[in-house]
Each structure stands twice: as C-alpha cells, then as structure tokens.
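Asks: Pulled from TrEMBL, these are the listed features:
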{"type": "ACT_SITE", "residues": "A:Thr215", "note": "active site, nucleophile"}
{"type": "BINDING", "residues": "A:Thr177, A:Lys204, A:Thr215, A:Glu301, A:Asn436, A:Ser441", "note": "substrate binding site"}
There are 2 protein chains.
Amino acid sequence: MKVSSSVFQSAAKSIDKYAQFVPKSGVFPKGYEVASLASGVKKNGALDLGIIRNINKSKKSSAAAVFTTNRFKAAPVQFSRKVLQSRSGEGIDAIVVNSGCANAVTGELGLQDAEKVAGQVNKLVGNSDSTLLMSTGVIGQRLQLEKITAGIDRLFEEKKFSTDFDGWLNLSKSICTTDTFPKLISSKFALSDGTEYTLTGMAKGAGMICPNMATLLGFIVTDLPIKTSVLQPLLSGAVNRSFNCISVDGDMSTNDTICMIANGAIDTTVIDENSPDFEKVKDQVTEFAKQLAQLVVRDGEGATKFVTVNVKNSAEFKDAKIIAETISNSMLVKSALYGQDANWGRILCAIGYSKLENLASLDESKINVSFVATDDSTPRELKLIVNGVPQFDIDETRASEILKLPDLEVLVDLGTGSEECQFWTCDLSHEYVTINGDYRS
Amino acid sequence: MKVSSSVFQSAAKSIDKYAQFVPKSGVFPKGYEVASLASGVKKNGALDLGIIRNINKSKKSSAAAVFTTNRFKAAPVQFSRKVLQSRSGEGIDAIVVNSGCANAVTGELGLQDAEKVAGQVNKLVGNSDSTLLMSTGVIGQRLQLEKITAGIDRLFEEKKFSTDFDGWLNLSKSICTTDTFPKLISSKFALSDGTEYTLTGMAKGAGMICPNMATLLGFIVTDLPIKTSVLQPLLSGAVNRSFNCISVDGDMSTNDTICMIANGAIDTTVIDENSPDFEKVKDQVTEFAKQLAQLVVRDGEGATKFVTVNVKNSAEFKDAKIIAETISNSMLVKSALYGQDANWGRILCAIGYSKLENLASLDESKINVSFVATDDSTPRELKLIVNGVPQFDIDETRASEILKLPDLEVLVDLGTGSEECQFWTCDLSHEYVTINGDYRS
C-alpha cells in the first residue's frame, strides 16, 4: 500500500477498530477492475477519487440502486437515477466515486458538472450512458472539475486499474470522509449446483462533519448474472433489512446511495424469480448487506457501543421496524446506553410513542423486553419486562455486566405475531457532541 | 416561603435561570385555593404533593385536558381521562399532583392506587368524580399510598390552602422533579367590554432522569366561564401550537398531561363559539400556553440555547409543523447550535427528510433559510439560503455573533402558501449526555 492513510490517523482512539474491522486480504468477483488516487480535492492529500469498472463484456450485466428519499437530492443522485432509468435492462460499466465534495445543493450547474464527469468516463470506457456517480463531502460547493477530470485521465492513462486486494482496499478508502476505518467486505457463496460466486461490498458511513453532511454511500458488486428486473427488488429488499435498519442519529442525507452491479462474469444461468436459487441468493445478498451496514454503525461518530435492537413476534414487519427504529433513535435510550444505565423505562416509553401503522402490533400486556449479552457470558438474557410487567428484582450486577459490553442486544418480544426486525444503533456519547458541535469553534 | 428549595440548589449553573424566569409576585384567578407539602416521597424532603381546588360553587365551571398519545398511559392519565369523559359538561373541583413517583407501568394495582387518592379527595371536597390526578417521577414503582393519603389529610386538616403568591409558587415547585426552576406564569386579560379575567399556568418539564421518565405536566386555570364543549377544542388548539411545538429530545412520556379549568368565578356571559370574544380568548389562551411551554424548553436538560424554529409561508400548517419539528429534533442541527456552527446544510437536510403530508408544501427552488437575531443587534436577519440557493458570501462574523446569542431564531420561508408554525427547541450539549447518560455510573 503506497497510499497515505492520514485521513484515519487523526482518529487515534479508533485504531483498534481499524485492526478489528478492516480485512488484510480478500477474494473479489471476476470482471471488475478498480482504481483510485488523490485528486487534490481533499486538502490532506488523501485518496478522494475512485472508479470501479465492469470489464465483463457479456450481455448479462445488470445494475440497480436505492437512492435517498431526501427532497434535496444531490446532483449525482439525480444523474444516476436518470442513467438507470434510461438503461432499463442493461448493466452499467463504471461507478465513479469522489469524496471531499458532495455536489449537493448546487443546482443546474452541479448537474452539468456531474454530466461532464460521467461523459468523460463514458468516452474512456467506450460506452454511452454507462456511468453512475457518487459524491460525498461538503455540500453547497461545486465540484473542482479540473482536478477530477485530470484525476480520471490519470487513472486511465497510467493504467492504474487493478484487481488485487490493495486496489479494492484503496478504493474503499477513497470514498471515506471522516470515517475512522474503510468498510470493505468480500465473500464467496455457492449456488445449489456448487457454482461459486463472489460478493464484494464497500461503504462509507456516519462521518458528517466535513462540514455539512451525513452521507451513506455503498455498493455491492458480484459476478453472478442476475436479471435486471429481479436485481432492483432484490437490492431494495436487502437495503430495507440492512442500510435502512441502521441509525447513528436519524438524519438522512441528500446523497445517500446504495448501488449494485451483477456483471454475469460467472458462466451460469441468469438468476430470475423462477430460478431454484432465487431465494438463496436473495438471502445471501441481504445478509451480506447487513454485514456491510453494521460496519457503518460500528464507525458511528463517537460511538462506544454497537447495539442490536431486535423486535420480534410482531403482527407486522413494518411495525416491528418502526418500533426498532424509534428505540434506536431515542436520544434518551442512546444516552442511557452510553451511561450503562439499565433504563427499561426509556425503552418502553419509546415503544409507546412509536407511530405504528397497525395498532394491533402492540399489546401492552404481551410485551417482553430484555437485555441480551452477545458474548459467552450467562445468563445471556436479562428480563426487564415480562408480559407488560416490570421486573423489580433485576440482577443489577448482571445488568451492569451486560451494559459494559461493547456489543449488546435489546430484545423486544411483542407477542402479537411472527414478524421480526433487527435494527443496529450506537450510543450517544460526549464525543458525538464534540464531533458535531465543535467543528468550527 | 418556608419550604426547602433543595431540589433546585443542585443545579448551581441554573441559578441565573431561576432569577430570570421565576416571578416574585403575581395575580391569580378568583375561586381557586392551592396547597402543597413534602409528603416524604421525595427523599430530599422537597415539596412533592400539591392540590389546586376550584372553590367557586357556580354551575358555570368546566374542565378539559390533553393527554399523552403514548400507548403506555400511566394510571393517573387513564384515570383522569375517564373522569373527564364521565363528567362531560361539568367542571372539576380538584387537581392532585404528586412528584417523585409517576405511577406508570403499574398495571391494575396502579389504577386502584389512583382511584384511592382521588376518592379521598372527592370525599374531602364533598363531590364525587370531581378530582383529576397528575403524577411524575420514577416509573414502574407503585405510589407510596400511605405517605400520599396522610399528606392529603394534613393539607385539609391543617387548612394549608391559600390564595397568595407563595401558595401558588410552592404548588409550582411541588410538581417539579429535576427541573432547575419552577414554571409559573399569571396574567390578566380583558374582554371587549372591559371585563378582566386571569390566566394562571404552571408546568414541569424536561427533567427526565428521575430515573426513568420524561414527563411534561401543565395546567392552566382561569376564572372566566367557558362552555365545556368549547373549552376542550380551545385547549387542544392551544396545546397544538404550544406544548406540541416544543422539543427537548423528541421523546414523549407515558404521563404527559395538560389540563385546564375555567371555573366561571368572574360574573360574565359564558364564552361559547358564538361569543364576540371567542376568537380573542382563544388567541389569549394560545399565547399564554406558548409562554408556559417555552419555559419548559428554557429548562431543557443541559440546554445552553433557546431556539425558535419559525417555518412560514407553507401551503399547509401541518407540514410547516412537521418541518419545524424535524429541524428541532435533528441531533445534527442541535449539536451544531451548541457548537455555534452556521451549519445551514444540516438544516436543509432535515427539511428534506421531513415526512410531509402534502408534498407541494415544499418546493426546493422557493425555500429561504436565515438565522435571525432576537436581540437588538443588526442586521437582524442573516440569509443562508435564498430561493434554494446557498449564499456563499455569508458574513461569518455576523453568523458567529448571532450563534453566540442565548436566544436565536431559525427562519424557514417555504414560499408555498401562508401557513406558519413556530417551534421551540434547545441545543444538544455535553451536559445533556452527562445528565442522561451518567445517572447510575
């Protein structure tokens, strides 16, 4: 690795997270090449421009994306949506990611800048309308177009594209802003007939101080062939159970984008809704997306704890999710977790003000709430509320042990059905306030 | 004042707030008597039990209340709702407030405890079904019934009821938990014919560490006669523009209650929807409720700033309110305000993810966002976004001056209509995390 990792060095406290969560090797899907460099947009000389190319020339390639629902959609979001709509049924050849400038709230000129960048890459890969864009960083500033176009030319001219581990790791670094570690995962999976395929994913997360943004970017690429009409719902479903089930502070940005390419470089039958392996692939992609999304929470600003909020046995999935999200976003719950306070009242209170779609999902007399240890210590489950009744003889020593764990679970059993939603959140620490409050002062 | 104010002394930093916001005298409405004492529920010997009696025996008395929409309604909420429903068209004679124990999540036994307390007071005032209850404090604990019933007996036997300023102030203290100052306001108003009437209000606020609760309690009493069928919508409307327009952390408790008595002790025509003064009274009550609600925000846990979020020129009031609330609850916006960071991106971002009911309320190209100074300094308004376009030449010195003010306004002009909503919030400080995180540690 030649590239400076200065962007990570400032987060001295998080060096352990880097060691713990960043892989040291990996296998990657066939038919992709990646490249990244420091274009000069980031003043500290860190990586800030990356491209992933789909170089598989089979016609089996497809692409899909899930974009922010924020009304103020950044230029790259508007642009990429249009590309995917215009190419329905066909894959795309390149994703360009730049960090340091989000090209958000930049109006018509910002959209023109986006078109120029994509146009340049389309030309270089020899295919029109085949490039998606992702940007993250400062909002309300225009792209430094000269630096970015020069950077793109260098990537192609100097043949910086590679397929090796360092290449992928550097790409995952180039999309970071205030992340304290890059988020890169890669795994092999098998279909029923033994055919192996690979999923690789990367994301950038909850670093929002640079200076105006909270952006979640991620992409997943695979060499499996998946029919386009299937890939979009498959990705949407996976995102619904992963990136839409994480919370650092409940804010949703103008640039949030998760996209997926399935280039079909593996020689096997295209997966569609009638494939015997359809459900299997769907589950594998969903589980993979969950892993990636969880890394974003682990790097939550100031986070000292990784908390799984598991709401099970609900009459409706939607309501399980609304309850899980409400608990996960409660400042009172998050503060209590930081303070290692077994404050079941705040959890119950958050459940009670969740805006349910079906009121029957919640029956006050059927609810059970527990803390669950995620290490090997026992008893694993500490019951706080049983059938709506608070437990007054809670083992405070055990409560304190569980709450000291860096990973723990809040388990809510609604007892009204069989649907389940897991949500991942972090605690609210002094450090969060420092990071987000003291930026200019 | 003989009563210990030890509950307030711990908040040394807030002594200035006490001096600034607690009145030193007041006029109070006719036909009410108040009393309070330390029943022993609060371990520090502070006031924790209070009663307000409506002693006007005219038949013109009416009462109304707005209760929490939390699914886990505390026993006093369930009980008081039932009383008001059963007495439609008639006023009530007493409100009993106890602090230190919320009688929440206490099931059937908690409800029986509430009934006992109310039954005792009904007997003492000689009227059945005429007592409302409010409780705040620890949840999941039963009332210490002996202390409370003994306290109520003492209040009546020892003739502790009074109509003077100290009596009202002590009552306002007896409903506090972790509040750093009691919230009491009182004003005279005039009808068109010159008839004077009085509104007195008190509230307890955003003290949520004792140890499991966030509770908002408040009541407003007046000597004006108001028809019951009018009083309920009038109070609901006022609450919708006041107590429902404040946010400390977005959590809503099991006990939240705002109630109002209009006992008709002033000899004038009963106000109903056809009275020439109906709109005037409605506005006066609403403005009064706003003042009271704002005191709750000023005492927000750890708050260093009082921020008015004013969303104007919206196509719909509901959407103006949703946007104002979303900005007010954004942890990123609140942290930036604490850090005195002119972070318009976070404000715009929060506007963009507000869950509007009518999408036409927001037009990205018509939006204007400003910081507004609330002191006499100029220029009062600092434009951050004009017709959707960020202003890149913001006067940073002036921005910094405005953001240093303890009171400031975030002004959002949607430009899509003529509806307006004001919301009041505070910043998110290290102190908030300390108060809410370090309770047990």
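Glycine is treated like the rest: Cβ placed from N, Cα and C.
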Asks: What's the number of neighbouring CB atoms sitting within 10 A of the CB on A:Thr177 (substrate binding site)?
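Replies: The answer is 24 other Cβ atoms.
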Asks: Please report the three-state DSSP label of A:Lys204 (substrate binding site).
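Replies: Strand, per DSSP.
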Asks: Please report the three-state DSSP label of A:Glu301 (substrate binding site).
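Replies: Once the DSSP labels are grouped into three classes, A:Glu301 (substrate binding site) ends up as coil.
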Asks: Take the Cβ of A:Lys204 (substrate binding site) and count every other Cβ within 10 Å, whichever protein chain it belongs to.
Replies: 26
